[in-house]
Amino acid sequence: MASEKEAALAVTHSDSPTIFDKIISREIPHHVVYEDDKVLAFRDIRPQGPIHILVIPKVKDGLTGLSKAEERHIDILGRLLYVAKIVAKQEGLDDGFRIVINDGPQGCQAVYHIHVHVIGGRQMNWPPG
């Protein structure tokens, strides 16, 4: 399987439905750990730690990446981070966790539907990348 970097560089950005759109519509099953009317959180299929959860908005609204954020997206961006905190607590990450938002090819973004990675369950290193 290609590395995360290779996968991100190979992606062509389009307005076509992403794998996350298919997860939201239940075309592709996933292990959901949290859901409300605005966001969905599920386990990553290629975890980078013992716990690796993705938090995504159910409605993309043009928010394919953080660099595409507009003032109208403030509420959903805040919701994503708040749910990341809820999920971290739910997963027992009381000693800490990392939040990652990849943006664009050089940021290793492979899916153009904004998403927050919640990674924990092990000691993180610095610098991260």
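Each Cβ is built from the backbone N, Cα and C atoms, and glycine gets one as well.
Note on TrEMBL: of 68-72, 88-92, 113-117, the range annotated with the feature motif 'Histidine triad motif' is 113-117. Across all of the motif 'Histidine triad motif' (113-117), the predicted model scores a mean pLDDT of 97. Under 8 Å, Cβ to Cβ, and six or more positions away along its own chain, His115 (active site, tele-AMP-histidine intermediate) finds Phe20, Leu54, Val55, Ile56, Leu80, Ile101.
DSSP labels the residues of the domain 'HIT' (19-129) in these numbers: 32 helix, 25 strand, 54 coil.
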